[in-house]
Amino acid sequence: MTAETTARRPRKRRSVGSVIIGVIAELLLTAGIFILLFIGWQLWWTNIEAESVQQNAITQVTQDWDKPEEDNGEPTQPIEGETWGILYIPKFGANYAKPIAEGISMDVLNTIGVGHYPQTQKIGEKGNVAFAGHRQTHGQVFWDMDKLTDGDTAYIQTKDGIYSYKLRQLQYVSPNQSDVLLPVPGQPGAEPEDKLMTLTTCHPPFSMAQRIISTFEQTDFAKRGEPIPAEIEEIVTKTTGGNG
């Protein structure tokens, strides 16, 4: 057989099965790329977007605090999605300052970051004012929740002043254990005597199998214009221009 005859020999045709396998492999590869891109977007880009939105929310709310309130005889109540406070937790870093908005819808948690459970108490009242936030993605405002220990502090700044809190308890519960949000956590019908603040987020990271519940007790309140707590004086001044 000559080289010329060999060169003219037709190529062996691929079977239908091999063609199908090849197409499936290409589709799986493409799908894998899209999945990786989506994961990257979720874990990285949503945090960048959220940081920008949250900083703008803090700027806006501090400007609003300087505006005179309309005197209609009753204090105005925040509406769903409205930013009304700033959360500081020194254990989470010297620059940790996150806006607080009313409600716990995804529109709130995916943008503002920290949302107030509307069925719980208002800040400063006896009972339990509770907040939710993402553990990861969309700013991951409560990523370090599991690092909190007894005695750690948290602060909430509002138009009225700064509320100081100290951690009383950190616990892990099932997602449907809602009694942690009661005025007296875990005690339905009990009359509250303390002013508590509760933070909730998912656990472990990248899972919703459990919830981390951090319960704080209010220890102090500094009216606006009074000295800012020393532990957060620098970050408050940096974040709000000293608008304590």
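Cβ coordinates come from backbone N, Cα and C, glycine included.
Feature annotations, courtesy of TrEMBL:
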ACT_SITE  His134  active site, proton donor/acceptor
ACT_SITE  Cys202  active site, acyl-thioester intermediate
TRANSMEM  20-45  transmembrane segment
Long-range Cβ list for His134 (active site, proton donor/acceptor), cut-off under 8 Å, min separation 6+ in sequence, same chain only, gives Leu109, Asn110, Gly113, Gln140, Val141, Phe142, Thr201, Cys202
All chains considered, the count of other Cβ atoms within 10 Å of the Cβ of the residue listed as 'active site, acyl-thioester intermediate' is 20
In three-state DSSP terms, the residue listed as 'active site, acyl-thioester intermediate' is classed as strand
His134 (active site, proton donor/acceptor) falls, by three-state DSSP, under coil
